[in-house]
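Reading through the structure tokens given below for one structure.
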Amino acid sequence: MTSNLKYKRVLLKVSGEALMGDKQFGHDYDTIKKIAGDIKELIDSGVEVAIVVGGGNIYRGINAALVGMDRASADYIGMLATVINALTLQNVMESLNIYTRVLSAIPMMSVCEPYIRRRAKRHMEKGRVVIFAGGTGNPFCTTDSAAVLRAIEMNCDVLLKATQVDGVYDSDPKKNPNAKKYFTINYKDVITNNLQVMDLAAIAVARENKLPIRVFSIKEQGNIAKVVQDQGEYTTIEE
């Protein structure tokens, strides 16, 4: 079945907010279990999966910096939040018998494995899901940038960005009911129009390395596998 797949290895970017469900903070385990089930559906189809998780459901470094906290310190706290999310997602996925490894860009040997590129690729070759935590390990970098970098390092065919809306719009569809949706858009237009789908540094790196990005809503159950199979609602960002 794998030979018929358009994308054989993917990286899924899951925001911290996606793990909250309808809560205002923390984790909603029913929501996380649904996400894990969607990931399992993708794995069962023969796709190798890596994941980058955000930390915004627990801590947002850029917001803390706005109220006076040192930005670098705030970003490091945010990186720790991504480790909490990665371990939470790992435990839920393992309850569904999905073999999973957490690798952190910030070494914490008692908690998870350190990020080593060759080790991560070997895990994926063995059929394990790799969850990357700790962002890039550097302050002033978003988890979107981490997702693009890890996707390139893992030789992924596509980056799947799971969001709260079903694609890229010319303005916020939650605020503007007349917002126009793009079904395909190139990297240059995302940058030129300053579309807020992900930070512009991440888009620039994706463009330089010809990494396609698919943006879709994680709220619809089964959507991850649909997007990989060219079904459902999504926007593709490519050259």
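Even glycines carry a Cβ here, placed using N, Cα and C.
What you see is a predicted model, and the numbers here were worked out from it, not measured in a lab.
Swiss-Prot has this to say about the protein:
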BINDING   K13, V14, S15, G16, G56, R60, T163, Q164, Y169, D172  ATP binding site
BINDING   G55, D75, T136, G137, N138, P139, F140, C141, T142, T143  UMP binding site
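A 10 Å cutoff on Cβ-Cβ distances gives S15 (ATP binding site) a total of 21 other Cβ atoms nearby, all chains included. Listed binding-site residues near S15 (ATP binding site): G55 (candidates G55, T136, N138, F140, T142; Cα-Cα distance within 10 Å). When secondary structure is read from DSSP and collapsed to three states, S15 (ATP binding site) falls in the coil class.
Fewest Cβ neighbours within 10 Å among the binding-site residues G56, T136, F140, T142: that distinction goes to F140.
When the Cα atoms are compared, G56 (ATP binding site) and T142 (UMP binding site) turn out to be 11 Å apart. Applying an 8 A CB threshold to same-chain residues 6+ apart, the list for K13 (ATP binding site) reads I51, V52, G54, T143, D144, A147, L159, L160, K161, A162. Scoring each of the binding-site residues (N138, T163) by how many neighbouring Cβ atoms lie within 10 Å, the top position goes to T163.
Farthest C-alpha pair in the ATP-binding residues K13, V14, S15, G16, G56, R60, T163, Q164, Y169, D172: 24 Å apart. Taken residue by residue with DSSP, T163 (ATP binding site) is part of a strand. Between N138 (UMP binding site) and Y169 (ATP binding site), the C-alpha separation comes to 30 Å. Cβ neighbour count within 10 Å across all protein chains ranks G55 highest among the binding-site residues G55, Y169. Across the residues the record lists as binding UMP (G55, D75, T136, G137, N138, P139, F140, C141, T142, T143), the two Cα atoms farthest apart are 15 Å from each other. Here the Cα atom of T142 (UMP binding site) is found 15 Å from that of T163 (ATP binding site).
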